[in-house]
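Trainee: Just lifted these from TrEMBL, have a look:
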TRANSMEM  A:6-23  transmembrane segment
TRANSMEM  A:35-54  transmembrane segment
DOMAIN    A:43-152  domain 'Nucleoside transporter/FeoB GTPase Gate'
TRANSMEM  A:88-112  transmembrane segment
TRANSMEM  A:133-153  transmembrane segment
TRANSMEM  A:165-187  transmembrane segment
């Protein structure tokens, strides 16, 4: 999909630029942006290191386990189909905890593990179960403790107060998560009623 | 709404203290572990630079040509219907599709409008509060060979739309217009 989006932006951009008579500006923008991308990467470097370093301490001191324990009761409600001691539950909890802490590298393998455990509980191997749908909805609405990348970009462009958006990020992601959970529960109920009728 | 601002400004020191406290309590060699983790940060950033170059060039061309203004203009009715500043609309479309493309766009929008403008705060909040839906669904479902994903995409897009609208409302409440 990104292949089309990328090509579309470039082709439309150059085309509109020619029609607008802004060929030189467009050419200059293309060349400057390549340099800007590297600058952005370097601008992100410091805060990303700070953050992944700090989160490594959190991981090694077992913070993920603390968060997992706190999440357990909520997860029983969200995933009623998973048996209490099943390894799927453990993988889901750890994945959500890793996402919460912004540990992208740890989150993906745990998420894939959770999917393969959920697949073992699945009776129709090519169709998603309710638990899988719920898990992915939670994953895409992920609540993040500190949006480090955004803070880095704001810092780079001289924000007076780069971290001021932490509170609004929390509000927005909590709303999104609740909406996602309600949507998943309602859609699952509607579909299963439709099947029985 | 002052409370939200206070939470934001104490969040980072608070998290530092908690994590360092737990680390020391659990006998973790905090500095060594920190340095180890920071190396991972370098690797992550270096890994995304090539895709950032490709995407920032595309965004740069798209803006300089006037095509971005056309897109913003064309989506203005939708934006005003949802109460979203129209400069943030391109990001609303891009966010579910690609994380690094969104990063390129956010950086471009913040550079053009200023990080402390209303639009700058809204796009920052949007970027922080959603994930790349299509990528996650493809990778996770693909890994176990699921073909029929049922209502997952619909529910994820509902959550995404709510987060966009909530981002605007939260910024309006906390920072004013």
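Every residue gets a Cβ built from N, Cα and C, even glycine.
Predicted automatically and left uncurated, TrEMBL annotations should be read as such.
Would you situate these features in the structure and describe their surroundings?
Mentor: Among residues of the same chain six or more beyond the transmembrane segment (A:35-54), those with a C-beta under 8 A of the stretch's C-beta atoms are 102-103, 146, 148-149, 151-153, 155-156.
Helix, strand and coil counts from DSSP across the domain 'Nucleoside transporter/FeoB GTPase Gate' (A:43-152) read 81 helix, 1 strand, 28 coil.
Counting same-chain residues at least six beyond the ends of the transmembrane segment (A:88-112), those with a Cβ under 8 angstroms from any Cβ of the stretch are 51-52, 55, 58-59, 63-64, 67-68, 71-72, 75, 79, 82, 118, 120-121, 131, 135, 138-139, 142-148.
Listed by sequence, the residues of this chain that lie at least six past the ends of the transmembrane segment (A:133-153) yet keep a Cβ under 8 A from its Cβ atoms are 40, 43-44, 46-48, 51, 78-79, 92, 95-96, 99-102, 111, 114-115, 118, 162-163, 165-166, 169-170, 173-174, 176-177, 179-181, 183-185, 187-188.
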Trainee: Mean pLDDT for the domain 'Nucleoside transporter/FeoB GTPase Gate' (A:43-152), rounded to an integer?
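Mentor: Mean pLDDT for the domain 'Nucleoside transporter/FeoB GTPase Gate' (A:43-152): 88.
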